[in-house]
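A quick write-up on the structure given underneath.
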Amino acid sequence: MPELPEVETVMRGMRASLEGHRIISAVVRRPDLRWPLPKDLTKILNGRRIESFRRRGKYIFMRLSGGMSMLLHLGMSGRVTLDASGEVTLHEHVTFTTEEGRCFGLIDPRRFGAIDLVPTKEEDSHRFVSGMGPEPLDPAFTAATLAQSLAGRRAPIKAMLLDQRIVAGLGNIYVCEALFRARIHPATPAGILTMPAIRRLVRAIRAVLTEAIAAGGSSLRDYVQPDGELGYFQHAWRVYGRAGQPCPECPTKGQGADGTDACPGIVRITQSGRSTFFCPRLQTDPAAS
DNA sequence: CCCTACCCCTGGGGGC
DNA sequence: TGCCCCCAGGGGTAGG
C-alpha cells in the first residue's frame, strides 16, 4: 500500500527518532513475510548503530554501523510502530529495541512486506531495487527520459506508471491522481502520448507527490505515521475512491446550452485487475474521437 | 520482449 | 447477529 509519500513519511519518522541509536535486540515472531526473513537477522543486527536512512522507490534502507544496510518494504498493509513503551500488538512480526530505550516494529497483517540485509556498498544492486526507474522527484526524471521509456509501448499509460522500472515509487492512488491532473485518459497506449502530454504528466507526478509528502501521506485503513499521527492527503484526492461523485473540476450540472457537455462524474474501471478512477470528460480517450 | 492473469495474505465493509 | 462476496496501497511469476 504505502506508496512513495507514505514511505517517505515513515522514513522521516524513523530518522527523527532512531538515528544514532544502537540496536540491542531484535525479536522475530513471524519470519514468513513476502520472503523468509534472513535467518540470522537477530544476530547480525545486534549491537549495530543506526547511522542513517535512505528511501528508494517504496523501499527504505536503514544504514547500520559495520557497512550493513537493512532493507524494508511495507507491502500493502505494512506499518512501522515507534513505541517507547514497547507494547507489542497483533501482527507485529518483528520488534527491535535500542539501547536508548526505544522499540520499533514492523506491523503487517497481509505479510506482503519484506525485510532483507545487504552490504551498504551494494544497496543499489539488491534485487529489490536494481532495475528500478528514476526517482520521480529527482531532476533526472524528465519528460525526455520518460518519453524514451514509453516510446513504442502499447500498454495503457496507467499500467506503465505502475511499473517500477519506468519510474519508482508510484502506486495505484498517485497514478490515478497524476493522470487526472495531466488530463490523460488512463487507457491511452503509452507510446502514442504527445510530448506536451508527457510534460504535463511529469509535472503532475511531481506536484501530487510533493503535496502528498507535505501532508504526511494518505492515511488508509492500515497506514498511519510512525508517531501515530494521521496523514491527511486522502482528503485531497480528486478521483481516487470517488466513483459516482462529481468531478471536482468539471462544472456541476446543466452546463452548456444543450447540456451535451455535462460531466457524468468520476468513473471507476478495472485495468489489469486493479481499480482506476478518472473523469471521462476531462481525461479524453483518443480512441473515442 | 511485451502484456495479461493470477497468486501470495488478512481484514473490513456492504448486502442479504 | 452471521455469512458471503468483493475489495484493498504491491509485486513476482507463469503463460499466451
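Each residue, glycine too, has its Cβ placed from N, Cα and C.
All TrEMBL annotations are machine predictions without curation.
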- TrEMBL has A:ARG110, A:ARG153 down as binding DNA; which of A:HIS91, A:HIS126 does it also list for that site? A:HIS91
- Within 10 Å of A:PRO2 (active site, schiff-base intermediate with DNA) (Cα basis), scanning recorded positions A:LYS58, A:HIS91, A:ARG110, A:ARG153, A:ARG274, I find A:LYS58
- Message: Max CA to CA distance in Å over the DNA-binding set A:HIS91, A:ARG110, A:ARG153?
- Response: 41
- Cα distance, A:ARG153 (DNA binding site) to A:LYS58 (active site, proton donor), nearest Å? 24
- Item | Distant-in-sequence Cβ neighbours of A:ARG153 (DNA binding site), under 8 Å, six or more positions away | A:MET160, A:PRO189, A:ALA190, A:GLY191
- Task: Please spell out the DSSP helix, strand and coil residue counts for the domain 'Formamidopyrimidine-DNA glycosylase catalytic' (A:2-113).
- Result: 20 helix, 46 strand, 46 coil
- Least surrounded among the recorded positions, given as A:HIS91, A:ARG274, when other CB atoms within 10 Å are counted: A:ARG274
